[in-house]
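Quick look at what Swiss-Prot annotates:
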TRANSMEM  8-28  transmembrane segment
MOD_RES   PHE8  N-methylphenylalanine
DISULFID  CYS63-CYS106  disulfide bond
Amino acid sequence: MKSLQKGFTLIELMIVVAIIGILAAFAIPAYNDYIARTQVSEGVSLADGLKIRIADNLQDGDCVTKGDSSTGEVGNEDKGKYALATILGTPAQNLSELKAEDPNGCQVKIEYGKGTSGGSVSALINNTELVLAQLANGSYKKESSTVKDKFLPKALKENK
């Protein structure tokens, strides 16, 4: 009488493990890139939040204000989980004469790895920075970056 096979053979299990290993070899780097892109996007979102502060500062004639946190006055930086965004620059002369796509002289410097979480920043972007120049229409243009282009949002890649 023949006995019925119950379970899997060692070869079948080894094949399954090999297939999982091959899939993981492709999936893990792609996942790490995804994490880095997400964290870079957080920094760009912080810069978007600083647009209103820059506009307020420009009303006073400068890109940077002398904020005082003890009095509740808003400062020139915004800290997220993975990045720190800081307002820099000197306003261009004759702001009212600038075209919409001309830089207004104000910049936002985004430093990755200086956020509130410290060590949980992706190693692919840790200790890198992205400097965005604000245009007269309020949008941003990439001015300089040590962040690899593949991690930048599409709008910044197209707007070099």
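Cβ atoms here come from the backbone N, Cα and C positions, even for glycine.
Rounded to a whole number, the distance between the Cα atoms of the residue listed as 'N-methylphenylalanine' and CYS106 (disulfide bond) is 66 Å.
Summary: among the disulfide-bonded residues (CYS63, CYS106), the fewest other C-beta atoms within 10 A of the C-beta are counted at CYS63.
The residue listed as 'N-methylphenylalanine' is 69 Å away from CYS63 (disulfide bond) when you measure Cα to Cα.
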